[in-house]
Amino acid sequence: QPKATPSVTLFPPSSEELKTDKATLVCMVTDFYPGVMTVVWKADGTPITQGVETTQPFKQNNKYMATSYLLLTAKAWETHSNYSCQVTHEENTVEKSLSRAECS
């Protein structure tokens, strides 16, 4: 089966969630093969290790998908202006970013 580079989609926290003093960023990684990849979250370019949860890739239509979550407090979300989800798969790296200014 040919290799497939993942598609990466990054979702910001919802305004409803921010009202509860939480902020969850969701990085969806879809349509990749083989089913091994790593996710690195960054805040303003600095890797974040705390509050990261990544699901095990599962097979869907002969390819794999996984989701990674970055769990923050609303205050932490407001501390940085740019967040990114960097996915490394085989020799390819796909990075998606969002700036907080665009989400408010």
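Here the Cβ of each residue, glycine as well, is placed from N, Cα and C on the backbone.
Note that this is a predicted model, so its numbers are computed, not measured.
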Disulphide pairing with Cys27 per Swiss-Prot - partner from Cys85, Cys103: Cys85
Count of other CB atoms lying within 10 Å of the CB belonging to Cys85 (disulfide bond): 25
Under 8 Å by Cβ from Cys27 (disulfide bond), same chain, sequence gap 6 or more: Val8, Thr9, Leu10, Phe11, Val39, Trp41, Thr67, Ser68, Tyr69, Leu70, Cys85, Val87, Lys96
